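According to Swiss-Prot:
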type	residues	note
BINDING	30-37, 147-150, 176, 184-187	ATP binding site
ACT_SITE	37	active site, proton donor
BINDING	61	beta-alanine binding site
BINDING	61, 153	(R)-pantoate binding site
């Protein structure tokens with residue numbers, strides 16, 4: 001497995017693979033890999049001849065008081081895990097490689113980004129869309145793989161790729177969870193044992209709402225309130241948002257008559273966690 005630190009290196013690797021007629025699968029990450037990331041890589045491996053991942057903690061998607069500086073980083077560990085699932089190359093650029101002096105171009109997707117994480121993290125999706133556009137242009141994959149845990153991000157990237165006529169397919173992979181239901185996240189490492197226990201309220205509240213939906217409840221406000229009440233009962237939880245929108249349009253709903261996204265963001269201590277569930281059949 002090759003580790004490339006420069007754009008020219010990873011482009012040369014991809015060019016060589018293409019010259020042999022190999023398809024390219026791409027998984028962009030910020031590193032500190034977990035089983036959710038590895039599942040994306042396995043899906044890429046199943047579908048594509050060559051798998052490239054990026055490991056880049058992107059500064060433009062973090063706000064001024066967020067966790068950019070303390071976001072966990074361990075390239076040696078990540079390379080070992082990626083190698084075990086058959087990744088062919090890692091692109092691990094520096095900030096200077098991606099954003100050289102004088103950089104001033106950004107990508108902004110409208111409408112889909114003005115709610116949920118986009119509302120509580122201003123500028124976040126501008127940073128995400130910019131770095132993903134750059135990575136797509138550098139790697140030029142046939143397929144790119146994103147996790148459903150970041151449901152809004154996956155929808156935004158799909159919209160961006162379609163709107164800008166990017167020549168690739170964006171594939172969303174179901175959320176991978178711990179045995180007790182907690183959605184896999186690199187930020188879970190921040191949680192102490194008591195916070196880790198408290199964090200289960202996210203997945204359990206989604207499951208409770210899912211049960212009510214399957215039992216026939218279609219009133220979006222009642223389902224939302226059910227989740228809010230359950231999370232508020234957890235002393236360590238501080239709610240950022242709990243919302244229900246049509247899926248994939250992300251339009252407000254009163255009654256759920258088709259697929260709907262129940263999405264939430266909750267702070268456990270200082271750690272912001274997100275999770276979601278799709279209500280209704282896709």
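Cβ from N, Cα, C; glycine included.
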_Going by a 10 angstroms cut-off between Cβ atoms, which of the binding-site residues 148, 153 has the sparsest surroundings?_
148
*Which residues of the same chain, at least 6 positions away in sequence, have a Cβ lying under 8 Å from the Cβ of residue 36 (ATP binding site)?*
147, 149, 175, 176, 183, 184, 185
*How big is the Cα-to-Cα gap, in Å, between residue 153 ((R)-pantoate binding site) and residue 61 (beta-alanine binding site)?*
12
*How many Å separate the Cα atoms of residue 37 (active site, proton donor) and residue 186 (ATP binding site)?*
10
*C-alpha of residue 30 (ATP binding site) to C-alpha of the residue listed as 'beta-alanine binding site': distance in Å?*
11
_In the chain carrying residue 33 (ATP binding site), residues 6 or more apart in sequence that have Cβ under 8 angstroms from it_ = 77, 78, 81, 82, 186
*asked:* Through the lens of DSSP with three states only, how would you label residue 61 (beta-alanine binding site)?
replied: helix
*Quick one: Cα separation, residue 61 (beta-alanine binding site) versus residue 148 (ATP binding site), in Å?*
19
